[in-house]
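**Q** Pasting the relevant annotations from TrEMBL:
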{"type": "BINDING", "residues": "7, 8, 9, 10, 180, 181, 186, 191, 216, 217", "note": "ATP binding site"}
{"type": "BINDING", "residues": "47, 81", "note": "substrate binding site"}
{"type": "DOMAIN", "residues": "282-366", "note": "domain 'ACT'"}
Ligand code: ASP
Ligand code: MG
């Protein structure tokens, strides 16, 4: 017997038929004798509709949050998950399964006060564990918790993944299964490279890089949380027949396991290729090369909530002036330029140059820690295709390369094949 948390995303609960299908997945695990808790998203499109309704309301004077009154925003948008948790509980009951719905405040899932993008602080899993022991299935509304102000708080878009991992940690589950509309995590985006393969396993750290770089399978926070609490997280499809052979396999079900690297025996050097579109590059020319300059540049950008990514500083020729180049999301360029102009006296640069429509392609793999030459192969392969590299950053397990947007797909395919990811 195992204890399993099963999470179903919006497309998996999009209508009553699909909710019934989800109930069959749950029944399979219950019938196998496992203790089960379920976490659900809102029906697909519902949260967008609710957010749209909020924005359709007039804004009170002085309200400066993009969410209007962020507490009322949360009260409204959290309702989608309330509906699906109740509907799934009914579907399970109709199959003879003892089930009840839980809202975030009933457990409670305690969050911080950041309404609209709250973080989970604490979960009391005791009551759910007790009832699991009695054979009851908890159907938990994802995406929501209870803030310190005693009001509903939501976890940011895509947050029910994080709810699921947090519940799994809270009830000490053996596994957290994230059922979604893809059947796992791939070596790269299959829409760009049809030879992309589904990974059997990926380490938390690698998944974190893949997720934050645009492999939009899971909310990034859920992966962070899974890594901290070592929750074995499984990405799999809800669209397969719930009773197909192997679906209930405890050790090797179809999908991708996100786990501790120690669990990955056959470690490849490179695990996947990720990309992030709509990057922009900003260069400050002839910046004074003295202590405090970086702080004068990046401090104001941080205060303006502009997410700076790759940073490259040149060595200055004579020790007095240097160039500073960095990337920001294309959508933030105008704001960044304003902030930098305002800081010009402090920073003391000659000119600002910028370029939008760039793409960051990243090679990811924990095997890189112990292998030399991984970066060199990437550079050589891109050079052979005539792709110019604009900036490079590296970490222990990642090489990120900034290139012109139109070359994105060619670069992804080239790197995918150079590291042998095309092969079976
Ligand atoms: N329904 C919420 C959203 O669309 C949470 C989720 O689905 O994860 O963002
Ligand atoms: Mg999602």
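For all residues, glycine too, the Cβ spot is worked out from N, Cα and C.
Since this is a predicted model, take the numbers as computed values, not measurements.
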**Q** Give the subset of the binding-site residues 7, 47, 186, 216 lying near ligand 2, defined as CB under 6 A from any of its atoms.
**A** none
**Q** So if I take the binding-site residues (7, 180, 186, 216) and measure from each Cβ to the nearest atom of ligand 1, which come out below 6 Å?
**A** none
**Q** Can you give me the Cα-Cα distance between residue 7 (ATP binding site) and residue 81 (substrate binding site) in Å, rounded to a whole number?
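**A** Distance (Cα to Cα, whole Å): 12 Å.
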**Q** May I ask you to report the DSSP-based helix, strand or coil state of residue 9 (ATP binding site)?
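**A** Reduced to three states, the DSSP call for residue 9 (ATP binding site) is coil.
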**Q** Taking the Cβ of residue 180 (ATP binding site) as the centre, count every other Cβ atom within 10 Å, in any protein chain shown.
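**A** I count 23 other Cβ atoms within 10 Å of it.
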**Q** Translate the DSSP assignment of residue 47 (substrate binding site) into the three-state scheme.
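**A** Reduced to three states, the DSSP call for residue 47 (substrate binding site) is helix.
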**Q** How does the domain 'ACT' (282-366) divide up by DSSP, counting helix, then strand, then coil residues?
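**A** Reading the DSSP string over the domain 'ACT' (282-366) gives 29 helix, 33 strand, 23 coil.
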**Q** Tell me the Cβ neighbour count for residue 47 (substrate binding site), meaning other Cβ atoms within 10 Å of its Cβ, over all protein chains shown.
**A** 24
**Q** Out of the binding-site residues 9, 180, 186, give me the one sitting nearest to residue 47 (substrate binding site) by CA distance.
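**A** It is 9, whose Cα lies nearest.
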**Q** Within 10 Å of each Cβ, count the other Cβ atoms and name the one among the binding-site residues 7, 216 with the highest count.
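**A** Result of the Cβ crowding comparison: 7.
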**Q** Rounded to a whole number, how many Å is the Cα of residue 81 (substrate binding site) away from the Cα of residue 216 (ATP binding site)?
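**A** Each residue's Cα considered, residue 81 (substrate binding site) and residue 216 (ATP binding site) end up 21 Å apart.
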**Q** Let me spell it out: for each of the binding-site residues (9, 81, 186), count the other Cβ atoms within 10 Å of that residue's Cβ, using every protein chain shown. Which one has the most?
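**A** In terms of Cβ crowding, the pick is 81.
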**Q** Measuring Cα to Cα across 7, 8, 9, 10, 180, 181, 186, 191, 216, 217, which the record gives as the ATP binders, how far apart are the two most distant ones in Å?
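**A** Farthest Cα pair among residues binding ATP: 25 Å.
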